[in-house]
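Asks: Here's a structure for you.
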There are 6 protein chains.
Amino acid sequence: MQRSYDRAADGLRPVRITRQFTKAPEGSVLIEVGQTRVLCTASVEEKVPPFQKGTGKGWVTAEYAMIPRATQTRTQREATKGKLTGRTMEIQRLIGRALRSVVDLKKLGERTIWLDCDVLQADGGTRTASITGAYVALLDAIQYLLEKKLIKTNPIMDTLAAVSVGKVLGTQVLDLDYEEDSKAEVDMNVVMTGAGKFVEIQGTAEEVPFDRADLDVFLRLAEKGIRSLMEVQKTAIETNS
Amino acid sequence: MQRSYDRAADGLRPVRITRQFTKAPEGSVLIEVGQTRVLCTASVEEKVPPFQKGTGKGWVTAEYAMIPRATQTRTQREATKGKLTGRTMEIQRLIGRALRSVVDLKKLGERTIWLDCDVLQADGGTRTASITGAYVALLDAIQYLLEKKLIKTNPIMDTLAAVSVGKVLGTQVLDLDYEEDSKAEVDMNVVMTGAGKFVEIQGTAEEVPFDRADLDVFLRLAEKGIRSLMEVQKTAIETNS
Amino acid sequence: MQRSYDRAADGLRPVRITRQFTKAPEGSVLIEVGQTRVLCTASVEEKVPPFQKGTGKGWVTAEYAMIPRATQTRTQREATKGKLTGRTMEIQRLIGRALRSVVDLKKLGERTIWLDCDVLQADGGTRTASITGAYVALLDAIQYLLEKKLIKTNPIMDTLAAVSVGKVLGTQVLDLDYEEDSKAEVDMNVVMTGAGKFVEIQGTAEEVPFDRADLDVFLRLAEKGIRSLMEVQKTAIETNS
Amino acid sequence: MQRSYDRAADGLRPVRITRQFTKAPEGSVLIEVGQTRVLCTASVEEKVPPFQKGTGKGWVTAEYAMIPRATQTRTQREATKGKLTGRTMEIQRLIGRALRSVVDLKKLGERTIWLDCDVLQADGGTRTASITGAYVALLDAIQYLLEKKLIKTNPIMDTLAAVSVGKVLGTQVLDLDYEEDSKAEVDMNVVMTGAGKFVEIQGTAEEVPFDRADLDVFLRLAEKGIRSLMEVQKTAIETNS
Amino acid sequence: MQRSYDRAADGLRPVRITRQFTKAPEGSVLIEVGQTRVLCTASVEEKVPPFQKGTGKGWVTAEYAMIPRATQTRTQREATKGKLTGRTMEIQRLIGRALRSVVDLKKLGERTIWLDCDVLQADGGTRTASITGAYVALLDAIQYLLEKKLIKTNPIMDTLAAVSVGKVLGTQVLDLDYEEDSKAEVDMNVVMTGAGKFVEIQGTAEEVPFDRADLDVFLRLAEKGIRSLMEVQKTAIETNS
Amino acid sequence: MQRSYDRAADGLRPVRITRQFTKAPEGSVLIEVGQTRVLCTASVEEKVPPFQKGTGKGWVTAEYAMIPRATQTRTQREATKGKLTGRTMEIQRLIGRALRSVVDLKKLGERTIWLDCDVLQADGGTRTASITGAYVALLDAIQYLLEKKLIKTNPIMDTLAAVSVGKVLGTQVLDLDYEEDSKAEVDMNVVMTGAGKFVEIQGTAEEVPFDRADLDVFLRLAEKGIRSLMEVQKTAIETNS
């Protein structure tokens, strides 16, 4: 099996993280994973949803969208249709949940951080790229809050990144591009912390059910990929902007 | 930790499956898992969605809803709100995907089987109960198609059931009820075939990330639970109706 | 004309009322009228709609839905369509209005009782079965409020039940099932109090206009049917649960 | 009780019917009943809804709306809200059903007549005025079809008009204006044919249930009012336009 | 080119303005421009939209709709479709903006004036007729506020009217009717104050781009037309009602 | 008055046009006008809307959106709200109309070109930047059609660009940024062809009505700006990509 960028089965596509891609947001990150490109912005809003009011705790939530021609053929705008698809809802719930898992909402205080992930080009792995990029945007927003002295202590509890793994033509592979994804027998998304613990595992047998042996390989590949992604995140964060 | 029905950590709640609960549908199953009660109907429709037209293949899809007072406090009807919540979309996508995994769509022919899962009472585990019950309703609908000679060969490729596992107060447990679910550190839904393979694994760390050791226990508990559920399915199917 | 259950023209189908069908609601009644089955729940909410705020008066309102396969062929979910049909709106307005007519809203205090009528199987007369069943669920919710000492005096002013009458193949009949309803020349729904007074009369000539003589027969049949339904209600209420 | 226009309990408000109020529609009637003013247009469309296709039969349907300031205080536009209220749905279903009752759909042929009833000013009785006015607009549209030789025989089977009756301060009255309607104990709408038969009776006890004696008076009042309305319709139709 | 009403290129169609067309609204104006007929009502509401709260300033806003058969063939109701078309949104934004331009919102105080423009018959120029008619309805609503002593000083800063101009078959013309509009090469709407200044110019080349020379003619025609419209407004206002 | 980028009243902000910004679309252009950044993609679809079917003519249409944090404070997603705002509708209608004015739809053949303008950062002038950028994306899509031999002759009839002009603090200026726009007395958008003719003029007096003298200055400034923008377009087009 020939993979894009001449990768081995356990190889990631080239990853690039650009901070301050736009100026208005408290955090603005363009993440590129091969041809997949997602703009992740973090916006601070000084209020919380009704269910969190008066608790002293903040909230972190995500929204996800693709521009119509992020895909090979044009996809109709959800705003034009008047409603979100199930796929979009599922993805933005996943991103929000993942990011919340590394934030101490008490330390954040009664405010919301919105993570908007807008896919400019989709070539597989947009949801995991969104999580990996949104984490960096979130850090910049937290930095903003610390500098403005709106919060005293950093509420970030651990680093976070995500990657997809799967089985294509009988082989377990890391970081599927669109072509691989569309013929995958199994597709799995893994979100992991810097401590090496799982925040989310979502594995789906698209064609052929998988067994424990597959799962073991998937998780090993995922950990390897996430470690590499965390290196890219670290470099991006340390680079003065 | 005291569990409902005096169960051990690896114990299921009492499960009851009633076929032909209502008369109109080709399959109509009431599944009760403790206090959770879901009415699963299977309806045959002699057409397929646009993307499947002309392929010779059929389709299996699911819809999920709760009556407003299935829950402890009344939940607003989605029909009144005018849209489905993300939770509902996510669940009905999961149910449809799971059931499709054991159906040979070619043998089904160009027709759709709708699996409607309506929760009459919700006490945790409604999505896994829906899958387990819908599987039996699906079998009855397939039986109907065979008897009417609308299909020649049985398109069902394997048995299927689902269960939830999780970690509550530091202990890994099988089949969480609502009270356990609301305080769980980790929540995982597992869908498995009779061959013991995974169709879907969805694990979420609600509070505390989990590690490989946890995962191993979760999957062992899930397999045990699913084996028991398959026994109940088998008894229900074999009972003349 | 041969009627289901070998009934005479003035005969009701077998009626069964089961209280506490589910556990969470303050009132939960399954009413079965022949093959028609409606689950009626009563939920107390400690607030009122805006137009009633500050008046010291409560509110009683109803919502009605059918599960997709309550009907002979599957009906699309209103939640999926994103809006209620005119039929549903008309029915739930009727149920709410009927129930309010026997409640002293002042004695209820500033709270709302929601009556949710979910049709599990539809074989004609679902709206009148909903009213008859919801009345019993309402009583149980009122009993709950009295026991919890949330209200002091019983706000229920009279008993209430409803039935359909109509003209089929030239004959006036009581309690039409789906087959009769679909070929009825005239269809009339009557809601009556224990004092024998009318709360609602809705008569529609589907095919052939009707005259005063027809109307007199319709109302005599309706009164007879409603008297019988009130006996069933009474027995259900008096049975300890 | 002093009534508007110094009417007796059995008196109608002044009624005026103006044909050809606007030029584009096949039928265009302004009906004024006291201060209530409704513009009823009839539009011919050379197709039928899906359920009627291929049957050789036509369809007659109605839509109803109020301009925002038809009422004493401004009512929000349903187009702005994005959905029809239950009241609107109920009314337009009633108007359509009533008009269909006097049309032989077979003779109409596979075409639809749309009856649009737009209330310019609302002072009680808008739904019955809509029916009475729409009947005249329908006749003009039928005349148009006959003149254009699109149909050969007149599909109208009888004349049709509607009126409201009710009980106000204990007195049964004909043709309630808004002020009377808002304090009525009972409100009833009656649709009748020229042959003196009922097409629709919708009686609702708003405050106090009513008995057979009330009903008898209501129906006598309604018949008297409808006879007068039919005189006004007749004069309008016979006047050359 | 033969124009309707034997008009010259710079001629207006006959214009008629009827005040107090309906009784409930604070201002109610029927404006007729040839066959175009728009009912413009002005409604006072004692509150402002959120963005204006606490500023001491009022608000003026407009809504626009056509009854379904205002047009040659029936147009579907926006309330039935569940959303406003872009055309409607664009028009009602224009009307609101235009009217606000001659109102001192501070003198109006924290209240809203709603201008509802409902087109009863459409024969071209409905948006400019709406502005011209709504201005008179607005004056009546202001007069009402002054008489009720709800405001002390008149917030109206200037007179206002609007007209369409365009190029049809190579000729620049004033006040296009529907037939002209549908074949116009250029279509321009001009809103002007009594002081002869522009509030809005919206010119669109439907088929052939236009040049400065065209523009000069358009604006001269528009000013001439608007001067005439202001005479009609003045006469309507001065006539005791 | 100090302007951004030390511009004179008749100065444009720095403009940059990047072709092939993303790979999937037939045309993909990032246009930057100062801090305003819009991604304009052109997508070819081999079908036309219903009203154009069978005419042999094609269609060009536009959609416009902003990512939530394109603005200084986060704007709610229209997909989440479930409907487009009036502003969005107005803008996308303008863009579509403008681009259609330079395309010979007959030569395009029965296909649609979708122009999607997604604002990544908004600092004033997003609608005119969208038109200017979309024109270049359109050219690339046309080039694609010519190369694929799907069309024989180039349907583009002229070049096209757009700019905003206005009056700020009494001075007429070219190309307003957000800060200027928010305090402008007059705001005007001008779309012009290479032949120097107007396709669209939309001028709005936000605070103070304007006169002919203002208009003359506005149009002179607009022409100057548009000439410069056309130079940038030309350079971008000629640069090999």
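Note: Cβ is positioned from N, Cα and C throughout, glycine not excepted.
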Asks: Which one, F:Arg87, F:Arg100, F:Arg111, is listed by TrEMBL in the same phosphate site as F:Gly125, F:Thr126, F:Arg127?
Replies: F:Arg87
Asks: What other residues of the same chain, not counting F:Arg87, F:Gly125, F:Thr126, F:Arg127, have a CB atom within 8 A of the CB centroid of the phosphate site?
Replies: F:Tyr64, F:Ile91, F:Val119, F:Ala122, F:Gly124, F:Thr128, F:Ala129, F:Ser130
Asks: Can you work out the mean pLDDT of the predicted model over the domain 'Exoribonuclease phosphorolytic' (F:160-224)?
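Replies: Mean pLDDT for the domain 'Exoribonuclease phosphorolytic' (F:160-224): 96.
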Asks: Counting Cβ atoms within 10 Å of each candidate's own Cβ, which of the binding-site residues F:Arg87, F:Gly125 comes out highest?
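Replies: The largest 10 Å Cβ neighbour count belongs to F:Gly125.
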Asks: Let's check the environment of F:Arg127 (phosphate binding site): how many other CB atoms sit within 10 Å of its CB?
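Replies: For F:Arg127 (phosphate binding site), the count of other Cβ atoms within 10 Å is 23.
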Asks: Go through the binding-site residues F:Arg87, F:Gly125, F:Thr126, F:Arg127 for me and flag any whose C-beta is under 8 angstroms from a C-beta on chain B.
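Replies: Qualifying residues, whose Cβ lies under 8 Å from chain B: none.
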Asks: Who sits close to F:Thr126 (phosphate binding site): which same-chain residues at least 6 apart have their Cβ under 8 Å from its Cβ?
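Replies: Spatial neighbours, sequence-distant, of F:Thr126 (phosphate binding site): F:Thr36, F:Val38, F:Tyr64, F:Met66, F:Ile91, F:Cys117, F:Val119.
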Asks: Work out, from DSSP, the number of helix, strand and coil residues along the domain 'Exoribonuclease phosphorolytic' (F:160-224).
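Replies: Helix, strand and coil residues of the domain 'Exoribonuclease phosphorolytic' (F:160-224) number 18 helix, 32 strand, 15 coil.
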Asks: Could you put numbers on the helix, strand and coil content of the domain 'Exoribonuclease phosphorolytic' (F:12-141), residue by residue per DSSP?
Replies: 45 helix, 41 strand, 44 coil
Asks: Max Cα distance spanning F:Arg87, F:Gly125, F:Thr126, F:Arg127 (phosphate binders), Å?
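Replies: Among the residues the record ties to phosphate, max Cα distance equals 13 Å.
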